[in-house]
Amino acid sequence: MLQTSDNKIHVTWVHCILLSPVQVANNMMDMDQDPRKRLCFADGRRKVDYVLVYHYRKRSSVRGSPSQHRLSIISNGSYPLGVEEKDQEGRKDEPAEVVVDVGPPDPADGEKIMIREEFEGNLKDAGLEIEHDKENKAHGHAFIRLHAPWQVLSREAEFLKIKVPTKKSYELREEKGLAATMNEVWRKLNQPFQPKVPHQEQEHSRALFFCLTGITTLIANGVYDSAFPLHDGDFHPSGQAEGKNDRQLLHDEWARYGAFYKYQPVDLIRKYFGEKIGLYFAWLGVYTQLLIPASVVGIIVFFYGWATVETNIPSQEMCDEDQNFTMCPLCDRACDYWHLSTACGTARASHLFDNPATVFFAIFMSLWAAMFLEHWKRRQISLNYSWDLTGMEEEEEHPRPKYETILLQKRQRKKKNTKNKNEVGRLYLPYFMQLKHIHAYILPLFTLNVFLPSQTGHEKLTWRDRLPGYLINISSILFMFGVTCSAVFSVIIYRITISALMAMSSDPEVKSNVRVTVTATAVIINLVVILILDEIYGMVAAWLTELEIPKTETNFEERLILKAFLLKFMNAYAPIFYVAFFKGRFAGRPGDYVYVFNDYRMEECAPGGCLIELCIQLSIIMLGKQLIQNNVFEIGIPKLKKLCRTLKDKERAPKEIVEQPGRRQQWHLDYDLEPFDGLTPEYMEMIIQFGFVSLFVASFPLAPLFALLNNVIEIRLDAKKFVTELRRPDAIRAKDIGIWYNILSGLGKFSVIINAFVISFTSDFIPRLVYQYMYSETGTMHGFINHTLSYFNVSNFKPGTVPSISSLGKDITFCRYKDYREPPWSTEPYQFSKQYWSVLAARLGFVILFQNLVITMSMLVAWVIPDVPKNISEKLKKEKTLLVDVFLNEEKEKLQLIQSLFSRDLTQEQQEELNVQFTRQMSMSPQSNITQHTAV
């Protein structure tokens, strides 16, 4: 039953293209109040709600009805022959002269013309109003404008039994005391950060679906070029604050870099672009806000390391030249012995990130990830309530064009096979008829089952149809993983060879900067490879998903997201995983090194440890992806695509085109904008960034700060792109962010494991604890460096690996290297010492302790923070109570009516007994059943 409140209505049209509520708010416009003719039909009153675009060749006017050229169209956009003509009752007001193609050069063009005419005829039959372009061009794009009258909206809303509020309830609470004072102070402090947009009422947040079923299939088949809703006019300000449209409000209060300090107008974003895009920007805003405390703590941890670097005993021992630790050569023949004090700068820099505060920060960030997910769940439920999405059910989606095409091919093959079986049956049927011993009732059954085609009402693609696609997917993804690993290995070979070549240089300046030069250039090469492979993997993921033949757009999107995330995750983090967990662990020891191609030694970590190299690798890749991929690409690529499309249209259009006189209409301006390709790229870059912030945060505490600075720009950049550079997307209703939440949750749990291993195996935190509490005589860190360095007898070098020229003299007997091994004078020289096994046991124990502690605390945080905010829970309970009251009143009125009808035939005792039974029934009725009845 249709119910309205004032002039607002909740309308939903299933399996259709979704239009934002602002597209319908002014669908009947009064020209005395709103003179925006560029958004209206030629009469200046009916607002254009949707636009269809197609490309045409030479046109001419003829007399007649377009129905004679029609080809029937079913709801999924395909076009079988032989369907009856629609009646022409909805076209009485149409002029007798219609525009048709005369003599198309390609038969396919004539078929598309008939399909368009049939489709538009069906739209008119549904009650939509259509306006065509005046044909004054010989070649180009034609625009079809659609308008939905109020009667169509009301009819469809009543047909679908849309729920709307049945009773308004206001409750005013006067705050008193300290709470009122604090709220007032907070309101005044928060006022400058609020966007200056009108308050969006809940009734305005409704959505409308126009009956354009199958338009995606028609676009895929080339019948139409595109279909899109219109923007609300120009985004440039008109000079009058009261007369601004929603697009201008979004541009001024959201899509400007000068508004970076303001909150996002999430309700207005949802109203203009739909719930799905509104949820994305709401999620991005929550993520950016929660990066602020993480950034503050990261800065404190960094400054703690900077403040304690002068008092750090291991760094002092490495920088002390009196210690005179003579280290083994870093390469064969060309490299000389060297003193550990020359790596003083690396040791001091490593302490900035490798200090006791790093462990605290890793625990904090793991809890921060859990708090972020819980906070977003609360925010999402609040938005669902305010946007009236709490009762939204999953609708059955329309199949994708590719799925329908392959299903049609399967049906045709099956029909062909059954036709062959019928021919065989007709050949052998007389023979079976001659068999006397076959009972009469068996023969019809046999012939029906074997020789006649089987009728299947609901055919679909099975796993056998998708098996080739699955096999190609698995093999291709494994191949892409191999490509990523090959790229990482190639950079390793580059580092090894360049280090050896620079070590052989006669220039002392080159020799002294070997490690810095190789590390910096290798990371830049890694960044370039990552950016290139990211673009390739995005296209490969889309191709592989098409091979799986998903049935609906939701299935397609989820599978595409999963594949793209796996490939891009592997691509972005493979170099970082190598530095964190593999570099220097397979290099061997002096006298028994591991060689690549029998000539080059495997690379080792810097004297200060691999953590500083991990920090450099992480920071350059993270900042490079944000600056180049997330910002430069987002600005440059859309403009480049727009330029290419403009040049292509100019080349395709002949010289005899006659442009329409006057100012260009809004649909022409919107068509020149870039089409909307979905939110997957926007989510993907933020998810990869979330991985940088959470996975290896123990090695780079400043990662949340750089992510925060990037997101402040990213929000305004995305806003400017949506408002000014993209066509207005179809508004899509959604209750949550979908599979992205599961990916975030998985990354949060995975980050606990990664940070535990980084602290245990990459940093020196555990070796320092083991030395201080097990091996130090004074209980301090004095002597830690000497404890971590093993001895090697230079006479045990293999022939040809001893330094050819040594500047430290020929009296060197022992050199030192970083490892826990027995000395040369031991009974088991160069074997792992007891200290090694003690440190390894402590590392594994710390991993187990850290994981269980953090996971337990995260579960505690998730348990303490309720998913549903208290005020929302109270409102939902009150609404349920109001529904129960409404139902009880209706039932009571029905009973009174029945009693009044039959009171003459009932005695007083019977009436009292009936009242008692009714009261007992009302008291025993469960609320769940009541709400189910009142939800219609």
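Each Cβ is built from the backbone N, Cα and C atoms, and glycine gets one as well.
Any TrEMBL annotation is an automated prediction that lacks curation.
Per TrEMBL, the feature domain 'Anoctamin dimerisation' maps to 40-205, 213-266. According to TrEMBL, the region 'Disordered' annotation covers 80-107. Residues annotated as compositional bias 'Basic and acidic residues' in TrEMBL: 83-95. Taken from TrEMBL, the feature domain 'Anoctamin transmembrane' applies to 269-879. Annotation source TrEMBL lists transmembrane segment at 280-306, 357-373, 470-496, 516-544, 565-582, 686-709, 737-761, 840-865.
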Contacting positions for the transmembrane segment (516-544) when only residues 6+ beyond its ends and CB under 8 Å are counted: 469, 472-473, 476-477, 480, 483-484, 487-488, 491, 494-495, 498-499, 502, 560, 563-564, 567-568, 571-572, 575, 613, 616-617, 620-621, 624-625, 628-629, 681
Paired segments the transmembrane segment (357-373) and the transmembrane segment (565-582) in contact, 3+ CB pairs under 8 A: no
Outside the transmembrane segment (840-865), six or more residues from its ends: residues with CB under 8 Å to it: 362-363, 366-367, 369-371, 373-375, 378, 748-749, 752-753, 755-757, 759-761, 766, 769-770
Tally of DSSP helical, extended and coil residues in the domain 'Anoctamin dimerisation' (213-266): 18 helix, 3 strand, 33 coil
